[in-house]
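Novice: Before we start, here is the structure in question, set down as structure tokens.
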Amino acid sequence: MSFTPGKQSSSRASSGNRSGNGILKWADQSDQSRNVQTRGRRVQSKQTATSQQPSGGTVVPYYSWFSGITQFQKGKEFEFAEGQGVPIAPGVPATEAKGYWYRHNRRSFKTADGNQRQLLPRWYFYYLGTGPHAKHQYGTDIDGVFWVASNQADINTPADIVDRDPSSDEAIPTRFPPGTVLPQGYYIEGSGRSAPNSRSTSRAPNRAPSAGSRSRANSGNRTSTPGVTPDMADQIASLVLAKLGKDATKPQQVTKQTAKEVRQKILNKPRQKRSPNKQCTVQQCFGKRGPNQNFGGGEMLKLGTSDPQFPILAELAPTAGAFFFGSRLELAKVQNLSGNPDEPQKDVYELRYNGAIRFDSTLSGFETIMKVLNQNLNAYQHQEDGMMNISPKPQRQRGQKNGQVENDNISVAAPKSRVQQNKSRELTAEDISLLKKMDEPYTEDTSEI
């Protein structure tokens, strides 16, 4: 006996018209229901999966009994756990709950900017022995097919399920037993992701102006129930900041006090948990650069992990598993250098490690990594070799005028002239004669030439 999803099996016969798939239909009911559904429009059945005939002619449609599952996030795998993934269908026992999900690659469309955009695929369920892969055994490795079955089903025999006739049977909304985990990045068609008012608003102009139709047509224009608004998060944040006495419109500035707090918070952490940044530099976290700490130079010492070049170096850092299982470890007890005799003495240990990070030229960003490594490895040596010992500028003592120098060892340049030397000399007879003429009264010369 074949089973029909959505129909309870019954052994009772009837004198009505029985279709080929075993579903009882009365002729007047069938015609009436078709007229009600179409309302004068041509019936266009939805094709869920297609395959080409050997002759290469027409397209043979396969109709799933259930609504599809659509992907909405790229890169997500379609999969169910073992024993899960078969939709619930009244009238189908658990022994027949076996089949496969078929990936239907949808068409692409042209966007406003002229580019082609491919729609993400949609998956449909077919019982074992039906659909586009009816001839394949359960578990056959086929691209775009994911096999599922309940724990009570016999996967060695096809499911005794009739094919769906779209003219008489509508697709059943996909539902799963409790505990089923839906694949991440997928949603069930008709589960509420589409706009709920689109159907009522699109059908409203074609309905007769009855009371019921008016209420349905206006349902799309109703104001939504007060709920979450787009700016509700901003309002809540503003209320919280106002409660704390802060202004949300003013940008938060990093003051010396906040920088000191951040630095102290970092330094309170164990040495191996510190992350240097602008507020707490590399030397403040780990000390000066030297033979045992030979990485870092220039801006990277000031910025630490905030340096724009640091993230690409972080790709080389080992994981916790690689650190413990891929290194040579040695536990050593060291001297406690706390220096406070009042505090109880603690046993201090060091977990010393020795390992290597191996990479080659095929690594993404290899050239940049090599450049950054060459700039920062043993950079402290280049800084000491190229550093110039410039004496500090002498500071002027309070009350001392500019130009006064108290150091007698500083030599002063020789004056360039006698006037600059400011030395006294004896007057000659010619000088005395000139001085007398300057003292005589001035008389105007009236002689004619």
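Any Cβ shown, glycine's included, is placed from N, Cα and C.
As annotated in Swiss-Prot:
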BINDING   Arg106, Arg122, Arg164  RNA binding site
COMPBIAS  9-22  compositional bias 'Low complexity'
COMPBIAS  29-38  compositional bias 'Polar residues'
COMPBIAS  45-55  compositional bias 'Polar residues'
COMPBIAS  194-204  compositional bias 'Polar residues'
COMPBIAS  212-227  compositional bias 'Polar residues'
COMPBIAS  266-276  compositional bias 'Basic residues'
COMPBIAS  400-410  compositional bias 'Polar residues'
COMPBIAS  423-440  compositional bias 'Basic and acidic residues'
DOMAIN    61-190  domain 'CoV N NTD'
MOD_RES   Thr174  phosphothreonine
MOD_RES   Thr428  phosphothreonine
REGION    52-194  region 'RNA-binding'
REGION    266-385  region 'Dimerization'
Novice: Given a Cβ distance threshold of under 8 angstroms, which distant residues of the chain, six or more beyond its ends, lie next to the compositional bias 'Basic residues' (266-276)?
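Specialist: Distant Cβ neighbours of the compositional bias 'Basic residues' (266-276) are 282, 284-286, 304-305.
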Novice: DSSP on the compositional bias 'Basic residues' (266-276): how many residues come out helix, how many strand, how many coil?
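Specialist: Helix, strand, coil within the compositional bias 'Basic residues' (266-276): 5 helix, 0 strand, 6 coil.
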Novice: What residue among the binding-site residues Arg106, Arg122 has the most other CB atoms lying within 10 A of its CB?
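Specialist: Highest number of other Cβ atoms within 10 Å: Arg122.
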Novice: Through the lens of DSSP with three states only, how would you label Thr174 (phosphothreonine)?
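Specialist: In the DSSP reduction, Thr174 (phosphothreonine) maps to coil.
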Novice: Check the modified residues Thr174, Thr428 for other C-beta atoms within 10 angstroms of each C-beta and report the one with the most.
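Specialist: Result of the Cβ crowding comparison: Thr174.
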Novice: Counting every protein chain present, what is the number of Cβ atoms, excluding its own, within 10 Å of the Cβ of Arg164 (RNA binding site)?
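Specialist: Total other Cβ atoms inside 10 Å, all chains included: 25.
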Novice: May I ask for the distance between Arg164 (RNA binding site) and Thr174 (phosphothreonine), taken between their Cα atoms and rounded to an integer number of Å?
Specialist: 15
Novice: Summarise the domain 'CoV N NTD' (61-190) by DSSP state, stating how many residues are helix, strand and coil.
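Specialist: Result for the domain 'CoV N NTD' (61-190), in helix, strand, coil order: 6 helix, 35 strand, 89 coil.
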Novice: Measuring Cα to Cα, how far is Thr428 (phosphothreonine) from Thr174 (phosphothreonine) in Å?
Specialist: 128
Novice: Fill in the CA-CA distance, Arg106 (RNA binding site) to Thr174 (phosphothreonine), as an integer in Å.
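Specialist: Cα of Arg106 (RNA binding site) to Cα of Thr174 (phosphothreonine) measures 20 Å after rounding.
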Novice: Let me know the largest Cα to Cα distance in Å among the RNA-binding residues Arg106, Arg122, Arg164, as an integer.
Specialist: 22
